[in-house]
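To start, I am sharing the structure in question, which I have written as structure tokens.
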Amino acid sequence: MKLTVNGESHEVAAGTLAALLAELDYEGGWLATALNGEVVPARERDGCVLAEGDRIEILAPMKGG
Amino acid sequence: MLELYGQQVSSRLLLGTALYPSPAIMAEAIKASGADIVTVSLRRETSGGKTGGQFWSLIQSLGVRVLPNTAGCHSIKEAVTTARMAREVFGTNWIKLEVIGNHDTLQPDVFGLVDAAKILAAEGFEVFPYTTDDLVVAGRLVDAGCKVLMPWCAPIGSARGPQNPDALRSLRGHFPDVPLIVDAGIGRPSHAATVMELGYDAVLLNTAVAKAGDPVAMAAAFGKAVRAGRQAFGAGLLEPRDMAVPSTPVIGMAAFS
């Protein structure tokens, strides 16, 4: 399945957002995720089913002013 | 003591965490400043979530409160979504709301800002809006549910200092009970002292410390300037006068001629 993750195209096997994070080696309780522009809380990632062409954002704490 | 959304804050200097020469210098600068609130952001994570994790661990080790921002967002949708994601990651309802309206000046889109503030306040966010010094916009933000206002004093990163002290004074006068924090445009400690002397409740800055020759020393200097300005405001400042007024007694002068 082809997805766009943080603006880059990825071919993945994962069927859920939780599985995608594991497949792409993302780990840590400080990550925030969004699917097609809508926030997906951490507790809902297991049940968040992905579809061809979905756009996923994976964000983390960063320096800021 | 300063209170922001019901939280007591000991330092009136809020510091950003960007642009430092290294994470270690950032940490030392935060300590030297005495700040107990620092701003942070959310950005795309690469390398399996480790960069953000390291930064977040460092911030947590400093024992400071975080104020997440929506920096770089140009639309209401972007800002609101970023705020929701920040709440989940940082575990706070506080959000420094930025809706940028112009690429060159980085000035806020105040129309989008008011609309975004309404949406977020309704969702239980405690909004710290980055706004201009416009009095009417400030009123709309208060109506939208903002209990803190953060007007700029000059464009972000410009180091120009207070460009329109009269507007800042007017805001202070019209909103005596709303905590006012000058956010953006401060270049040197004397700028920070100046706005504190006007009765502002706090100052938020980043670049002036982070890009200083010695960020740790500059952080300490800003901490002192903010305290000095606040103390001076409380002490009652002498108003400027048109004519000279001698300070040494004129009675008792010797006569030599």
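Each residue's number is its place along the chain shown, starting with 1.
Using N, Cα and C of the backbone, Cβ positions are placed for all residues, glycine too.
I grabbed these lines from TrEMBL:
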type	residues	note
ACT_SITE	B:K96	active site, schiff-base intermediate with DXP
BINDING	B:G157, B:A184, B:G185, B:N206, B:T207	1-deoxy-D-xylulose 5-phosphate binding site
DOMAIN	B:4-249	domain 'Thiazole synthase ThiG'
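Could you place the listed features in the three-dimensional structure?
Annotation for B:K96 (active site, schiff-base intermediate with DXP): same-chain Cβ neighbours under 8 Å, separated by at least 6 residues, are B:T39, B:L67, B:P68, B:N69, B:T70, B:A71, B:F128, B:Y130, B:M150, B:D183. DSSP classifies B:K96 (active site, schiff-base intermediate with DXP) as strand under the three-state reduction.
DSSP assigns B:G157 (1-deoxy-D-xylulose 5-phosphate binding site) to coil in the three-state reduction, outside any helix or strand. For B:G157 (1-deoxy-D-xylulose 5-phosphate binding site), the number of other Cβ atoms no farther than 10 Å from its own Cβ, over all displayed protein chains, is 18.
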If you average the pLDDT over the domain 'Thiazole synthase ThiG' (B:4-249), what number do you get?
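Mean model confidence (pLDDT) across the domain 'Thiazole synthase ThiG' (B:4-249) is 96.
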Select one residue from B:N206, B:T207: among these binding-site residues, choose the one with the most other Cβ atoms within 10 Å of its Cβ.
B:N206
Could you give the maximum C-alpha to C-alpha distance in Å for the residues B:G157, B:A184, B:G185, B:N206, B:T207 that bind 1-deoxy-D-xylulose 5-phosphate per the record?
9
